[in-house]
Amino acid sequence: MSAKAISEQTGKEFLHKYICTSAAVQNRFSYARVTPETDLDRLTQEHPWLLTQRLVVKPDQLIKRRGKLGLVGTNLDLQGVKEWLKNNLMKETTVGKAKGVLKNFLIEPFVPHTQEEEFYVCIYATREGDYILFHHEGGVDVGDVDAKAQRLMVAVNDTLNEDQVKEHLLTHVADDKKEILSTFIKSLFNFYEDLYFTYLEINPLVVTQDGVYVLDVAAKIDATADYLCKAKWGDVNFPPPFGREAYPEEAYIADLDSKSGASLKLTLLNPCGRIWTMVAGGGASVVYSDTICDLGGVNELANYGEYSGAPSEQQTYDYAKTILSLMTREKHPDGKVLIIGGSIANFTNVAATFKGIVRAIKDYQGPLKEHEVTIFVRRGGPNYQEGLRVMGETTGIPIHVFGTETHMTAIVGMALGHRPIPNQPPMDAHTANFLLNASSSAKYLCFFVSVFLLLAKATTLFRQNTKSIVWGMQTRAVQGMLDFDYVCSREEPSVAAMVYPFTGDHKQKFYWGHKEILLPVYKNMADAMKKHQEVDVLISFASLRSAFDSTMEAMQYPQVDNETGVVFKDVPFSELLQKIIKVADEKGVTIIGPATVGGIKPGCFKIGNTGGMLDNILASKLYRPGSVAYVSRSGGMSNELNNIISRTTDGVYEGVAIGGDRYPGSTFMDHVLRYQDTPGIKMIVVLGEVGGTEEYKICQGITEGRITKPVVCWCIGTCATMFASEVQFGHAGACANEASETAVAKNQALRDAGAYVPKSFDELGDVIRTVYEDLVANGTIVPAEEVPPPTVPMDYSWARELGLIRKPASFMTSICDERGQELIYAGMSITEVFKEEIGLGGVLGLLWFQRRLPRYASQFIEMCLMVTADHGPAVSGAHNTIVCARAGKDLVSSLTSGLLTIGDRFGGALDAAAKQFSKAFDSSMLPMEFVNKMKKDGKLIMGIGHRVKSINNPDMRVQILKDFVKQHFPSCHLLDYALDVEKITTSKKPNLILNVDGLIGVAFVDLLRTCGGFTRDEADEFVEIGALNGIFVLGRSMGFIGHYLDQKRLKQGLYRHPWDDISYVLPEHMSM
């Protein structure tokens, strides 16, 4: 779920358009919008009621308690509204900590009413269902509605009726208003569900004898439900919080995000600030912002943002160049710093993303120097050594690069001058084990995050014999699981089969250590479950649209003890996720997710990409159990916890990332209680975050004695209280709706309850080490002797990417490269091809001759293609194509039949003509000598002669091309020579003209030799290897295809040649 606030105007438009109620809702669509550009005189023409009614005017910029702040003008005439706007439009106003400019207003009809006619109603989503709050005294002075309001919880799949509303909400309402209020509230709840609202507040809701008036609305919708509600929502504009401007760069990044399977976020906090960040991961981005603010940088923090989910090199480049553009617009007297940070990635190819960042840095090298920018880098994950090497080689700009040996946020202290910058030893140039390939399958992986389901509410989720089915063709994730199984010394793979609805049943090849194995792939889940009764886990990589159906289906199979589902970013919470959670609760299923990478139990089982690639598995000692269990919201930060715990303790016993959604399927407490009841776990680490109240249950568990093991806990997002305006962090749930949900409040409550809470994330590792050492000292933990894991051979693709091996290529190509983000033709990007308008001739020049040809050369090529496109149905190639088409053959077969007739006698004389004329000309042979020699040798002169055309009936195709060559080519010596030959041959016979093949052949030789792009040897080589015949083949293919389509369109039947057009010449004794 991603709850985003909408404007009051949008909320009312939705309500008036889609609410279905018998209650008389008044003033539908009666509003006028005013901005600094609005012409008030024209506005009255569009809304004549402004001239006749009393009016209300108010800003529509997500400002709470406008009435209390004196920001509502009531009971005014139009002149009064104009005066009010004159005093308030474009006025700078402070609301709480936020300072902003009032620029968007609504004008609505004033509704005369009494205080007794004002009511308050609010509906909001929770994990268990939706709550309706109602208070019989609404308006400006409603006060603390949480304490005063009546409330009713509508459970998932339950319906709301009017009797429930009257019984639970309207106990203090006058009898004459109960009927209309109950009808309206019921309809309002249905509307709230249908349009996937997560929050909908009306205050006041006025009920008079005329009907219902919706005066003020505050609302949030679930943005992930766009694919369900697009028809009703349309293009929703999500305004920024008051005090923050909407920048075009933010909209640009939001557009990139919407077109990508990755996650790209950008919020500008202070464009003039000196501290800029470019952080990978939703959780990590919050941690870096926290640390910057903790070290006193809150007023200089320029932006919040994150890139995650394995963005491509091009996407990272676009994201990075946007940030670099912003930070190099205004100079700062102290220079600027750019922090490129992140946790240890699970599956993002760090080298690929860093290459995009390095490209952007090189593009902005000049401005970065001018603005005295210093860059600090810290990252880990697949191929991170290569990424850091590439980043470190960026010259001309001060840049400090660190890997996993450095604490994640240490670079913040270095950047802000709070700790020294160490002299880094050279990084390893390669990794020692598997790394993530930047292949299409890896790109597909980034489209997904995880949901995990467990059938039985058990203490132990996974064992050494746990078996799973994977939903989705996620071969990289499956291979990673099998490699983990192997280094954990499991006897059999943890994946029994895969389910992929888009192919038929088949086998998929994987590696188990050194040998290859086959795993079955089924088209539907039912067959997989039936044939693999030993399976007790389902891991489902399902898209946003199919996540709900596949998850609900999975929970119908009683054999599944554990179920893991992976969903695209988020499931629309308002209904679908609530239903999943309800069914899971009924069946005793524990859900981990959505919006997470999953979990891991060292030595037993890992979910999908959890724990990263094999090098990180080994470095963090995840192949055997330790004594520490953790639970985190963030998937990326869970891998950082693996690193921290492995460096400060004997390692991880179990780790789970429950997901960044506001209402995840399972809670912190669910897992903390499991850890409490697991004997092998001696201490617990919890990484919470701003938003929600689940951490308070841990406090309660500690104070009540239910949790007795040491708990080290830190809630990220402490910076949120320092920002002037609300910031939506990378995780949908990372947003505090009240003071108790702030990270600061939760950290203090945990500290008061007896948990071990560091002063900052920077100190988290130190606190974990201290608690662990105390447990070792008192004998609670006895560290086990290290046992080396089995070795696993490196995948060939990884070894090749890292430069560890070399192998002769099976093919070589020098004309095209499709591997990057943009197609390249002979060094020219496809974007430049269109930007420069080089045309089809220019593309042919790039692909055939590896040259950017002059414009006249490209035009000549295009003319050749046009004049050779067709020459009627009687020629052999067209005839063959037609016969094949009428025989019912397909396009390719018919085209091939026609092309196979091309040779020296039909169309294929270009090369031969070019060779013959060139040889004669280069030998200084006179035209007459050339003609006589060919006659003496008994050879035809290629390119001379035509069956129909003659000197008296010239071929206009030849004339057109000849005129163009004479006018545009720098030199045409060979063409002139061929024309002299033509004078001799036509004097003997008028049809022995220079035909179109001959002209194109000799003119092309002139072009190659004189255009300036080729040496003489290169020009001759292209003639020798048959390049010129390609012109005829390509051009005539257009005509052949035309003949094929023509025959199909005319519905011509099977062709049979008439017998009277055949001369039957049989032996005499067989003649009739």
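The backbone N, Cα and C atoms fix where each Cβ goes, glycine too.
Per TrEMBL, active site, tele-phosphohistidine intermediate is recorded for His731. What TrEMBL records for 2-233 is domain 'ATP-citrate synthase ATP-grasp'. Annotated domain 'ATP-citrate synthase citrate-binding' per TrEMBL: 244-417, in sequence order. Residues or ranges marked as domain 'CoA-binding' in TrEMBL: 464-556. The domain 'ATP-citrate synthase/succinyl-CoA ligase C-terminal' feature in TrEMBL is assigned to 631-755.
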Range from 244-417, 464-556, 631-755 with the greatest count of C-beta pairs under 8 A to the domain 'ATP-citrate synthase ATP-grasp' (2-233): 631-755
Residue distribution over DSSP helix, strand and coil in the domain 'CoA-binding' (464-556): 28 helix, 29 strand, 36 coil
Counts by DSSP class (helix H/G/I, strand E/B, coil) across the domain 'ATP-citrate synthase/succinyl-CoA ligase C-terminal' (631-755): 52 helix, 21 strand, 52 coil
Averaged pLDDT, computed only over the residues in the domain 'ATP-citrate synthase citrate-binding' (244-417): 90
